[in-house]
C-alpha cells in the first residue's frame, strides 16, 4: 500500500461517457427521498420561509466546502474511499473503511424503504385503490375493527404492508409479499449496477431526470387543487421568531449535511472515474445548488397537496356538522352551506343551546388540520396516499407518485452501492480475471439475504433505528476526520496545489477559510449538539398497538437494553474504524522499524503522478 | 329536483311495489301508503295499511323487510343512494369489495419481475460475449506479435519468403541454367 505506485495515464480505469453523466450521478445521489419528505417538514415546523436563512448559511459554510473536498479528493487520487485514504496516509485508512461500513449499513435499509415504495406502486393498479376502503370483518356486519378505529390508509400501511408487531422485541414472521418486493428491488439494483458506472451511467439518465418531470406534473396539478394556496401560504409565511431557537440551526446544518450524502464514500468513488483535469470546484457548487433548489421545488407540490388535504378534511368536518344540524332541526336541504356555517352556528347556539350541545359537534379549524405535520414514511405512505384518493384519476397519480419516489431512491442507491463496490474492486477481493458482474452479484445477493430481517413484523422499527443511529452520528464523525485529515495531515498547501492543477485556477480565500476553520468547527458543534440532544432522553419509539387504550394514537415505548446496545454498536462501528486502523498501522510500523530493510513510503502528489 | 306531490306519488307507488313483491299478493294499492309530517328537510313518516284486514297497519318489521329486499330499485327510482335516501332504523348492509380471483398486484409484480430478469440475462450474456471477443482479439494479437517476433528474430522478413515461387539464390544460379548440363 506504499504510495510509490505512480498512477500511469492509461490505467484502464472505467470512465464516464461524458461530463453530464457524472454530474447527473452526483445530483441523483444527493437528491433522494429526504428532499421530498424531510425538507418540507422542516420548513413547516421551523417557521416557513425563515428556515431558508439557516439553511443557506449552512449550505455556504458546510455543504459546499465539504462537497468540493470530497470531489477533489476522489478526482485527484482516482481511487475509491478506502484506496484514497490509504494513499494519503495509511493511518487515515480507517476513514475510508468507516465510509465503506456506513455505505453498507445504509444500502441495507434504504433498499427496504424502496421495497415499500414498490409494494405501493404495484398496488396502485387497482380500482378502487386498496388503501381507500376498509375491509369487512368476518361476519360482514361492519368494517374491520382495527381499520374502523384508525383510517383505511393507516390500516393498509400498518397491517397490510408492514404487518407490524406491537413491540420491537416481538419479531413476528417474515412477510412473503415484502420478500418478493425486496427481491425485485435488489434485482433492479443489480441490473443497474451490474458493471459499475458503465451501467449506472446509462440508468441515471432515466432515474435522475424522471423525478423532475413528475414533480412538475404534480406542481401543475397541485396548484389547481382547492386549498393549495392555503397550504403554500402556511408553508412559506416566514416566522422570524423561530430563528432564536438553536434547534432550528441544528436541524438546518444536519439537513444540509445528510441531504448532500457526504461522507458515504460514494462521491469519492464517482469523482475517481473522472479525468484529472476537471473543474471539480464548479461541479461541487453546481451539485449543491441543484440539490437545494430541488428541495425547494419539491416542497411546492408537497405543500399544495397537503393544503388540499387539510382543506378537504376541514370541509368534511363542516359537512358532517351541517348534516347533523339539518337532521336535527329539519331544515330544508342546502339551507346551511359552508360559507354561512359560522353565522348559523352562532344563531343556533344563542337560540337553542341545549339542542346544539346534544349534537356534540366537532369544532372544525383549518389551522388545526394544516398543523398536522408529518415527515418521513408517514408523509408518503399515509398523508399523501390519503390525498391521492381525493384527487380525480387517483390511480394515475398514485402510479406517478410512487415511480417518482422509486427513481429518487434508486439514484441514491447507485451512489451507496458505488461506495461499496469501488473499494472492493480495488482491494481485489475477487481475482482480476473474474468479471465485474460477479462482484456486484455477490454484493447484491448478500445484501438481500441480510435485508430479509427488515421484512419481519418488527422490520420498520429496525429501519428507524438504522436511520437514526447508523446514518447520522458516524457520518458527522467521518466528515470531521476527512476535513482534518486533508487539511492538517495531507497539508492544505499540497492540496491547494493539487486543486489548482486540476481546475486550472487559484484556490479562492473562501475555500481556504471554510476548509481550515469553518467546516471542522461547524461539524464539531453539530456533532456535540446532536449527541447531547440524543442523550437527553432515553431512546424511545412509537409503536402501533391495536390493543393500546389510546389507539389510534401510537404508543410511546422505550427500547429494551439489548436494542439500545445494538444502537450504540451501529453508531460506534464506523467511527471506531478510524482509530483502529490507525492503531493497527502504528503497531505494524513499530514492528517494521526494527527491520533494516524497511523503506519509507514515497510522498504522493496528485499532479506529480499525472504530469 | 324539487320534492313535490308527484315525487310523493312515486314514493307511494314504490312502497306499494315493494309490499307486493315481498308478500306476493297483489292487493296493496297506492292508496294504502300514507305519508305524514312531511317537512322541508324532506323527511316524513309513513305507514302501509292493509285494506283486506279492516284498515290496520302492516307491522313495521314486514315493511322493513320489504324495503330491504327492494332497496336497490327504490334508490334508483329516485336517483339516490343508500346515503342520500335514508330509512331510519334500516341500516344498509355493506356490499363486500370486489376481489378479482388473482390479486391484481401479483400480475403487475410478475410483469415487472419478468422485465428485470430479461434485462439481467441480456446484460450478462452481452458481457460474456464481449469478454469472449476481447479474449479472441487478445489471442489474435498475441499470435500476430509472435509472427512478427519470429520473422524479426531470423533477420529475414518472412513476407519475402512467403512467395510461392521461391527465391533464386544468386550464388548458386549464376547463369540462367537451372539444371546441370549433361
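Including glycine, each Cβ sits where the backbone N, Cα and C put it.
Bear in mind that TrEMBL entries carry predicted annotations, made automatically and left uncurated.
Here TrEMBL has A:28, A:30, A:31, A:35, A:291, A:408, A:412 binding Na(+), and the candidate from A:259, A:324, A:375, A:440 in that same listed site is A:259. Residues A:248-273 are the range that TrEMBL records as transmembrane segment, among A:248-273, A:326-351, A:534-559. Sequence-distant contacts of the transmembrane segment (A:45-67) (same chain, six or more residues past either end, CB-CB distance under 8 Å): 234-243, 245, 248-249, 251-253, 255-257, 259-260, 262-263, 267, 284-285, 287-288, 292, 296, 373, 479, 482-483, 511, 514-515, 518-519, 522-523, 526.
The Na(+) site, placed at the center of the C-beta atoms of A:28, A:30, A:31, A:35, A:259, A:291, A:408, A:412, has further neighbours from the same chain whose C-beta lies within 8 angstroms: A:27, A:29, A:32, A:34, A:261, A:294, A:411. When Cβ-Cβ distances under 8 Å to the transmembrane segment (A:469-492) are tallied for each of A:20-39, A:396-417, A:438-463, A:513-533, the top count falls to A:513-533. The transmembrane segment (A:174-192) is in contact with the transmembrane segment (A:438-463), judged by 3+ CB-CB distances under 8 Å for residue pairs 6 or more apart in sequence. Residues of the same chain lying 6 or more positions beyond the ends of the transmembrane segment (A:438-463) and with a Cβ under 8 Å from any Cβ of it are 104, 107-109, 111-113, 115, 162-165, 167-175, 178-179, 182-183, 186-187, 189-190, 193-196, 377, 417, 420-421, 424-425, 429-430, 541, 543. Most Cβ pairs under 8 Å to the transmembrane segment (A:248-273), among the stretches A:20-39, A:88-110, A:204-228, belong to A:20-39. Cβ contacts within 10 Å of residue A:259 (Na(+) binding site), excluding its own Cβ and spanning all protein chains shown: 23.
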